[in-house]
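Participant: Here it is, the structure in full.
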């Protein structure tokens, strides 16, 4: 019996507690939003199969607790991850400053060459913004990674961010041997077309 997918990619979301990691995963995997999620205890994951470049990609997206006391639990899960999304909250400057610590944690624990993506969540809360887009763009350039601003609440750029990371992993693993590594268009990921006027950025 043929497999229901061509590739299985394990993705990991890391970042401070309260930045919206669980909400992002629920939005991506189930297209749902609930603002009352309690802080994740331990680790959980969701699965969604998407189509990118004509390949069926099964994404196993792992949620991690941001609290330091869970660091030993999260460390074990870095190793098998093919892609890591570093999440901060645009209304919380400290969560952005701590991205450098999370970068260090990736370097110490993850596989060499793991794909990374920087994600500024809660961009629907523009009035409370503490982290300017330019700051994050600068950090992303510094580390040579992609950057998106998302809103799990309004669904802005959530599919696009996961699609971008999955596509980069696919290219790296030889899923497509083309020289075209430009950023993904909205057609790369077969999802429902969500119309919105939110001005969150993607990079």
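Cβ atoms here come from the backbone N, Cα and C positions, even for glycine.
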Participant: Which one of 63-80, 81-98 shows up in Swiss-Prot as motif 'Switch 2'?
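Facilitator: Matching range for motif 'Switch 2': 63-80.
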Participant: Quick check on the annotations: Swiss-Prot lists region 'Disordered' for one of 142-172, 173-203. Which range is it?
Facilitator: 173-203
Participant: Which stretch does Swiss-Prot mark as motif 'Switch 1', out of 16-30, 31-45, 46-60?
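Facilitator: In Swiss-Prot, residues 31-45 carry the label motif 'Switch 1'.
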Participant: Among all the protein chains here, how many other CB atoms are within 10 A of the CB of residue 124 (GTP binding site)?
Facilitator: 19
Participant: Tell me which of the recorded positions 46, 153 sits in the most Cβ-dense spot, judged by other Cβ atoms within 10 Å.
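Facilitator: For the recorded positions 46, 153, the Cβ with the most other Cβ atoms within 10 Å is 153.
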Participant: Among the binding-site residues listed here (17, 22), identify the one with the smallest other-Cβ count within 10 Å.
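Facilitator: Taking 17, 22 as the binding-site residues, the minimal 10 Å Cβ count falls on 17.
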